[in-house]
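K.L.:
Annotated topological domain 'Extracellular' per Swiss-Prot: 1-43, 94-117, 179-215, 277-289, in sequence order. The N-linked glycosylation site annotation in Swiss-Prot covers Asn23, and the record cites sequence analysis as its basis. Taken from Swiss-Prot, the feature transmembrane segment covers 44-64, 73-93, 118-138, 158-178, 216-235, 256-276, 290-310. The annotation topological domain 'Cytoplasmic' is assigned in Swiss-Prot to 65-72, 139-157, 236-255, 311-339 on the grounds of sequence analysis. Annotation source Swiss-Prot lists disulfide bond at Cys115-Cys207, citing sequence analysis.
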Amino acid sequence: MSYFPILFFFFLKRCPSYTEPQNLTGVSEFLLLGLSEDPELQPVLAGLFLSMYLVTVLGNLLIILAVSSDSHLHTPMYFFLSNLSLADIGFTSTTVPKMIVDMQTHSRVISYEGCLTQMSFFVLFACMDDMLLSVMAYDRFVAICHPLHYRIIMNPRLCGFLILLSFFISLLDSQLHNLIMLQLTCFKDVDISNFFCDPSQLLHLRCSDTFINEMVIYFMGAIFGCLPISGILFSYYKIVSPILRVPTSDGKYKAFSTCGSHLAVVCLFYGTGLVGYLSSAVLPSPRKSMVASVMYTVVTPMLNPFIYSLRNKDIQSALCRLHGRIIKSHHLHPFCYMG
């Protein structure tokens, strides 16, 4: 997700001075597309998405707390997982709170500055998720294919470097998006066909030919769908053979369980992301394409803790030990006994 914006500069040009009257210059605000126009349905949707948002934040916070407080989880896999949880909190917090407030106030307005800010954080955290999922696939590859050298290869210095590298690439991607959008000086309309400031939707509003916009969207889908997934699938292609050679069924189950959870998250993240971007160019109804956007920005971060961690025995044991320490600190009996 970090390299394609550079190519945008070959496509994006300032709007010509002979623009037609319907083209708008100096736009100060945009109008977001709501999930429903029924005023009676707004409180129901607001309550639903508030519940999903709270589940997402609390679930990911539990993972971060469990990993940081338990020495048994101070391993590269859980270190990357806790950073993925942090990125998921930021990712969903970029769009969902604004959407809930809009539902409650029956407002669809977002300022130009607010739109660019939301877009920047959206790209930042989406790219962080993208990078971290790839890093986690590499971590599983090293753990299974090179178990004897795992601690040497995945040392704390390399783990920290991979996190910092992911962050700075994501930050660069975010700022390049900002620079690209600042090149747009006029728009055909102020209605964004999504519930947040999606970069692809903003490109649709610019004055130049929409054919280039559609090509850019397909290019984005190809780059950020095919290439990262290909890298992850290649890692798992290398992983399958060593797993099949594991002598014990328990060892095979543990390896497949870890890899299966990660692959489920990967498929959910990249699949809904690709569908969301491509459907915006294919489907005639904006509300139909918004279903994929909701899955991508709301449902996926909510399901990640359940898919990857909260069903993990190590995480459950860590949470149990943490609960026991909290109760002991209040001079009560521990919640559970861990032998």
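Our numbering is plain: 1 for the first residue shown, then up by one each step along the chain.
From the backbone N, Cα and C atoms, a Cβ is placed for every residue, glycine too.
A quick note: this is a predicted structure, and the numbers were derived from the prediction, not measured.
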K.L.:
Going by DSSP, is Cys115 (disulfide bond) part of a helix, a strand, or coil?
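P.N.:
Helix, per DSSP.
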K.L.:
Between the stretches 73-93, 158-178, 256-276, 290-310, which wins on the count of C-beta pairs under 8 angstroms to the transmembrane segment (44-64)?
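P.N.:
It is 290-310 that shares the most Cβ pairs under 8 Å with the transmembrane segment (44-64).
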K.L.:
Of the stretches 158-178, 256-276, 290-310, which racks up the most C-beta pairs under 8 Å with the transmembrane segment (73-93)?
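P.N.:
Counting Cβ pairs under 8 Å, the winner is 290-310.
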K.L.:
List, by number or range, the same-chain residues at least 6 past the topological domain 'Extracellular' (94-117) whose CB is under 8 A from its CB atoms?
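P.N.:
Sequence-distant neighbours of the topological domain 'Extracellular' (94-117): 27-35, 39, 42-43, 45-46, 49-50, 52-53, 56, 125, 178, 181-182, 192, 195-197, 202, 297-298.
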K.L.:
From the DSSP assignment alone, can you count helix, strand and coil residues within the topological domain 'Cytoplasmic' (139-157)?
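P.N.:
Going by DSSP assignments, the topological domain 'Cytoplasmic' (139-157) contains 16 helix, 0 strand, 3 coil.
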K.L.:
Using a 10 Å cut-off, grab the number of neighbouring Cβ atoms around the Cβ of Cys115 (disulfide bond), all chains included.
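P.N.:
Cys115 (disulfide bond): 19 neighbouring Cβ atoms within 10 Å.
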K.L.:
Using DSSP and three states only, what is Cys207 (disulfide bond)?
P.N.:
coil
